[in-house]
Amino acid sequence: MKRGDLDYQISDQGISFFKWKDNRSVHFLSNYHGNDTYKVQRRLQDGTKIDVTTPIVVKDYNGHMGGIDKADMLHAIYDRDSKSKKWWNRLFFAVEEMAYVNSYIAYVEVRCEKMSFLEYKRCITKGLLTKPKPQPKRKGRPKSNGDEQTFCAKKRRKGNLSVSNDVRLENRGCPLANIRVESRTL
């Protein structure tokens with residue numbers, strides 16, 4: 001197949017399968033588009049322009065894709081997919097990279113500033129590293145400002161026995177030998 005060639009098949013249910021040759025073969029599956037085509041001018045490496053026949057499904061895809069191809073491109077450029085023995089490490093870094101890419105695309109659309117993706121990642125990383133850590137909350141009673149009276153510890157009360165020592169210690173020792181035992185340690 002040469003560049004611009006189109007091969008298609010339409011099923012009985014109305015599903016169209018397209019194989020279109022651009023720089024590489026591109027495959028599309030659609031239940032909305034027919035076999036309509038249009039001409040697009042493409043620039044070659046030497047600067048000359050040529051007309052390339054393109055199916056309508058490619059035009060609709062390019063017009064409505066949002067930033068999907070751009071996100072894939074940015075993810076591929078600065079991908080840090082390193083091997084790890086722990087499967088969740090790779091998953092975590094892939095999700096983190098996806099968050100970087102999506103936030104960069106949103107940032108560029110809102111700010112309209114020229115900033116490379118690498119500069120953007122560096123700014124975010126620097127911002128996260130230089131952010132001051134929050135002070136941990138102190139547990140317990142808050143400190144007084146000095147205006148209030150200082151809290152006094154309770155005074156220990158001396159033992160106030162309701163029974164006198166003679167009665168309290170009456171059952172101590174051996175009653176037959178009439179010997180009093182003063183300590184109970186072994």
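For all residues, glycine too, the Cβ spot is worked out from N, Cα and C.
Model confidence over the domain 'PiggyBac transposable element-derived protein' (1-104) is summarised by a mean pLDDT of 83. Sequence annotations record features per position, and here TrEMBL assigns domain 'PiggyBac transposable element-derived protein' to 1-104.
The annotation region 'Disordered' is assigned in TrEMBL to 130-152.
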Mind checking how the domain 'PiggyBac transposable element-derived protein' (1-104) divides into helix, strand and coil residues in DSSP?
37 helix, 31 strand, 36 coil
